[in-house]
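S.K.: Sharing the record's features from TrEMBL:
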| type | residues | note |
| --- | --- | --- |
| DOMAIN | B:492-577 | domain 'Histidine kinase/HSP90-like ATPase' |
| TRANSMEM | B:15-37 | transmembrane segment |
| TRANSMEM | B:49-67 | transmembrane segment |
| TRANSMEM | B:74-95 | transmembrane segment |
| TRANSMEM | B:101-120 | transmembrane segment |
| TRANSMEM | B:132-153 | transmembrane segment |
| TRANSMEM | B:173-192 | transmembrane segment |
| TRANSMEM | B:204-226 | transmembrane segment |
| TRANSMEM | B:238-256 | transmembrane segment |
């Protein structure tokens, strides 16, 4: 699996390269700016591109713009955006079309090497990775009458995992339950909350996020 | 206090005024006595009455003018004319010495009247023709009079040293013709100065000039009548005397008008105060009773005078019947009033109007200065806010690129170490513990950096940045950002803090169950409205939070308004000017 990186901090660029390589992923290109990455993606589309959201020259929105451009022009290339801060608005922008092959993670997540590599693989495979912090913020959100009150604590955990982009297997692993039990939880949640059920695991991420944000 | 620019001439002491009054009464009684006692006059009673009809008004007017306008020579001149006129009454005396003196002075009053009329209002003869006419008049009444008397024109005079009646008669004829001519020339000079009806209709002045002209013409007519031996000479004499006596009455009327006009200065001041920026000329012209008034402003940077439209003008001196008054401030001219020259006579009015204009101008200047200072203050406040903003952004950038990246790299390193150290579970556990510590530090650092400056605002604008605020608020927030594209950064930052502070306040104090944040754009403004359904009663004066917020909004030229009736929620609206 080929990975391309754009990260202007040398420390992190090398760290990323190291952990991805040690996990058996091929870091085909690592740049410190968005333009080089875009050029590379145009010529040799990788399975996934990992971008820092703040890139030179202005460190304002170059990374974000490059990510949206790859999403638009190369739908087959997974895009994983890394950031020091989490912004719900940016997450929704990234996911606005679909949650397929897209991820938005806090930079800190890199240090949970296994989880991170898992997220990279998921995004590369067309899945999604939404930072748990975004999801927990949405779950913590105050509402007049909390529609999530109908869920059991276990269902809530399953919902949280689902929103981060976890597959049914991932939910099962995280909650140490069987795949069948996880599937039951998922369909139970959809029924209870009245979310139109969808077979695609990444499509349901967007549905859940939109539901939580509404 | 700065001494007045123009030192005022010292007025006459009370003794001088009283002396004039006493002497005037004396001449009145003496002339009547002389007229009644003598046998020269046809109708002594009427003659004495007419005589005093001239002397007394001149005396009164002269005294008043001297008292009110000590700087003008007109007063003393009028008093002198009155006394010389009074002395001519000595002709009626039967005592030869007195009769001779009176006879010698007989013609002098006509020259003095000419002098008074032509010297009005300043007491000075402004132009060369006037000076020539008046000097010629004095020469006439002194030299020719003396010559004809010496040659025996009046046998009763002690000065008659020889008797040459034919020559004396020739001289007298010439004297009377010349004097008539001079009087008529004087009339012409007066009428030239008469304000044209189309321009400033300064009624008393026109009246005065007309009266002066009539008196001079009548005087000339009287001499012609005497010369030609007209039978109606007595009638002419009476009319002449009547006209001569009218002149000081008209003069008094002018004085009175000036005093009345001064009461308009109070109105002027009130008017100027009510409309400080409106055109200065109209009210000043009204107060001065001079529609022809023009203003010129001094432009120190160009060293020139300019009319209100900014065109350069030169101040005309005392020509063409115009006069100017320059108003100074700190020894620097600021404005010049150019008005009909007859106003020179109404000095108090001019002083008062000039003072009022000075106050109004000073007021205007202070207002302009205040506005300029305010603008400067706003500018410097905006600059301070901008500088602070830049500094905050720099700090955040430093934290982001420095400490935060390093901590992430450190956490990554610890994570890798923990993964690879399969040999000792204790080491792995401690490494993971260390990594968690780093993660906590990162969280804290993130909060600090975000507090310093929300980087998302710079990178992605207000709409994106407000999403996180809304979702993290203590109450459910309905967010509606109806703006396309980016706003000026200072507006975005201020609007962000308005929403951030408001939502924090709502979470802490409002006891609300719901809130809404709306950002809308009108033609020239961005309006940020934060509304909650809480307990209300928020106050900008209490506590520093809202005051600080108002400061922040005002610093970028915006306005913060709060409606917070107790029990009915709070509506906070920030409006930012934005083209």
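The backbone N, Cα and C atoms fix where each Cβ goes, and this holds for glycine too.
Curation plays no part in TrEMBL annotations; they are all automatic predictions.
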S.K.: Roughly where does the domain 'Histidine kinase/HSP90-like ATPase' (B:492-577) sit in mean pLDDT, to the nearest integer?
M.R.: 89
S.K.: Name the range, of those listed as B:15-37, B:101-120, B:173-192, B:238-256, that has the largest tally of Cβ pairs under 8 Å with the transmembrane segment (B:49-67).
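M.R.: Maximum Cβ contact count belongs to B:238-256.
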S.K.: Treating G and I as helix alongside H, and B as strand alongside E, what does DSSP give for the domain 'Histidine kinase/HSP90-like ATPase' (B:492-577) in helix, strand and coil?
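M.R.: Secondary-structure composition of the domain 'Histidine kinase/HSP90-like ATPase' (B:492-577): 30 helix, 28 strand, 28 coil.
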S.K.: Below 8 Å between Cβ atoms, which of the listed ranges B:101-120, B:204-226, B:238-256 makes the most pairs with the transmembrane segment (B:132-153)?
M.R.: B:101-120
S.K.: Report, as numbers and ranges, every residue of the chain located at least six residues beyond the transmembrane segment (B:238-256) whose Cβ falls under 8 Å of a Cβ in that stretch; write 'none' if there are none.
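M.R.: Cβ under 8 Å, 6 or more out: 46, 50-51, 53-54, 57-58, 60-62, 64-65, 68, 78, 113, 116-117, 120, 204-205, 207-208, 211-212, 214-215, 218-219, 221-222, 345-346.
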S.K.: Against which stretches of its own chain does the transmembrane segment (B:101-120) lie, if we need a Cβ under 8 Å and a gap of at least six residues from its ends?
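M.R.: For the transmembrane segment (B:101-120), the sequence-distant neighbours (Cβ-Cβ under 8 Å, at least 6 residues beyond its ends) are 73-74, 77-78, 80-81, 84-85, 87-93, 130, 133-134, 137-138, 140-142, 145-146, 149, 154, 156-157, 159, 175, 179, 182-183, 186, 189-190, 208, 212, 215-216, 219, 223, 244, 247, 251, 345.
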